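One structure is given here, and the rest of the page talks about it.
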Amino acid sequence: MTDQELIDTARKYREFSYSPYSKFKVGAAVLTKKGNVYGGCNIENSSYPVTNCAERTAIFKAVSEGEKEIEAIALIADTEGPCSPCGACRQVMGEFHINKIIMANLKGDVKVVTLDELLPYAFTDKDL
Ligand code: THU
């Protein structure tokens, strides 16, 4: 699975976005070490903070299928530059040691970063 194929999957899942409040659609897709792909979208709630981001939807789908080893995650939204993941999602990416984050937008801009770049000095299980 290429980075572009993972982005294309995230783009497909973006269409499932449930975002009646923000109208901001986000899609994500994770690639596991076994080679499986799980997609996700943002799912909003009338109680706004209950909203789940696309990245966490995709990660939780993988983990709940027994797949905790994740190679990469792609996310996409209609942003000016490549869409950057929120802080909560970065923390969850850290929990599952996802070290390749592929940020994209609908125009075709792509930026690939590591978790260390997105979340330096992260709080981890080693701190407990
Ligand atoms: N959102 C995501 O799905 N991922 C992010 O990393 C940033 C924000 C969603 C949450 C909410 O539904 C909408 O985008 C606007 O914040």
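Heads up, residue numbers simply count up from 1 along the chain you see.
Cβ coordinates are placed from backbone N, Cα and C, and glycine is handled just like the others.
Here's what TrEMBL has on this protein:
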- E55: active site, proton donor (ACT_SITE)
- N42, I43, E44, N45, S46, S47, Y48: substrate binding site (BINDING)
- C53, C86, C89: Zn(2+) binding site (BINDING)
- 1-126: domain 'CMP/dCMP-type deaminase' (DOMAIN)
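Mapped onto DSSP helix, strand and coil, the domain 'CMP/dCMP-type deaminase' (1-126) counts 41 helix, 32 strand, 53 coil. Taking the Cα atom of each, N45 (substrate binding site) and C89 (Zn(2+) binding site) are about 17 angstrom apart. Confidence over the domain 'CMP/dCMP-type deaminase' (1-126), given as mean pLDDT on the 0 to 100 scale, stands at 97. With a cut-off of under 6 Å between the Cβ and any atom of ligand 1, the binding-site residues N42, E44, S46, Y48, C86, C89 reduce to N42, E44, C86, C89. The Cβ of C86 has fewer other Cβ atoms within 10 Å than any other of the binding-site residues I43, C53, C86, C89. For S46 (substrate binding site) paired with E55 (active site, proton donor), the C-alpha to C-alpha distance reads 20 Å. With E55 (active site, proton donor) as the anchor, the candidate binding-site residues are I43, E44, Y48, C86, C89, and the one with the nearest CA is C89. Same-chain residues that are not part of C53, C86, C89 yet have a Cβ within 8 Å of the Cβ center of the Zn(2+) site turn out to be A54, E55, R56, P85, G87, A88, R90, V92. The local packing around S46 (substrate binding site), expressed as other Cβ atoms within 10 Å of its Cβ over all shown chains, amounts to 8.
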